[in-house]
Amino acid sequence: MEGQRWLPLEANPEVTNQFLKQLGLHPNWQFVDVYGMEPELLSMVPRPVCAVLLLFPITEKYEVFRTEEEEKIKSQGQDVTSSVYFMKQTISNACGTIGLIHAIANNKDKMHFESGSALKKFLEESVAMSPEERARHLENYDAIRVTHETSAHEGQTEAPSIDEKVDLHFIALVHVDGHLYELDGRKPFPINHGKTSDETLLEDAIEVCKKFMERDPDELRFNAIALSAA
């Protein structure tokens, strides 16, 4: 039996900020556009930045790389701090919402939540769960599903049919305990991309984004947004 399928979210700060507001996040942190990967364009992004979301196309080249990366990490191992909040993706097209959850969950101490926040409740209930259990919890969490659905209709482009196959995917890049982690619910575990800091997170995350673009030089469908202090 096929699992749940949601409408995809746009990588649009207006949509993501409204979505988080509806889930009870105080707007002291806001998503902003990253207009380009060059230093002068990155200098326009308000600091500090605590997370970057990348929207990218799932291509054959990427899927080959993903398989190779997974096998390499399984054979060589990697260090992942237990402080990382990571969840699997079991709902089709929910990668935008999962990216937002990854961004907020790994910066929870910096965030302010309104009383009765559905997102805060979800994070508190799932803090001790496994990545798979968190995925199942999201499947049954109506407050987030309904808000996602509303937000998917609020983008600048018309939302596709719920049955349409979408080949764009969101990941979150976050700083936890001195390291930069790529969080992708399609992958079996977080990916440690090396050292980072609150001050250098944006630049370090963009270096990871550039590698995605270099793997698919013929593709133009890349978009990054940063979670910045408002």
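Cβ atoms here come from the backbone N, Cα and C positions, even for glycine.
Look at Swiss-Prot and you will find CYS95 tagged as active site, nucleophile. Secondary structure at CYS95 (active site, nucleophile), taken from DSSP and collapsed to helix, strand or coil, is helix.
Residues or ranges marked as active site, proton donor in Swiss-Prot: HIS169. Annotation for HIS169 (active site, proton donor): same-chain Cβ neighbours under 8 Å, separated by at least 6 residues, are LEU55, PHE56, PRO57, ILE58, CYS95, ASP184, ARG186.
Swiss-Prot lists 5-229 with the feature domain 'UCH catalytic', giving sequence analysis as the kind of evidence.
Per Swiss-Prot, the feature phosphoserine maps to SER130. If you draw a 10 Å sphere around the CB of SER130 (phosphoserine), it holds 12 other CB atoms from the protein chains shown.
For the region 'Interaction with ubiquitin' (8-13), the model gives a mean pLDDT of 85. Residues or ranges marked as region 'Interaction with ubiquitin' by Swiss-Prot on the basis of similarity to another entry: 8-13 (among others).
For 219-224 (among others), the entry in Swiss-Prot reads region 'Interaction with ubiquitin', with the evidence type similarity to another entry.
As annotated by Swiss-Prot, site 'Transition state stabilizer' applies to GLN89, with the evidence given as sequence analysis. GLN89 (site 'Transition state stabilizer') falls within neither a helix nor a strand when secondary structure is assigned with DSSP, and so counts as coil. For GLN89 (site 'Transition state stabilizer'), applying a Cβ distance below 8 Å and a minimum sequence separation of six or more within one chain yields CYS95, ILE98, ALA135, ASP184, GLY185, ARG186.
Secondary structure at ASP184 (site 'Important for enzyme activity'), as computed by DSSP, is coil. Taken from Swiss-Prot, the feature site 'Important for enzyme activity' covers ASP184, and the record attributes it to sequence analysis.
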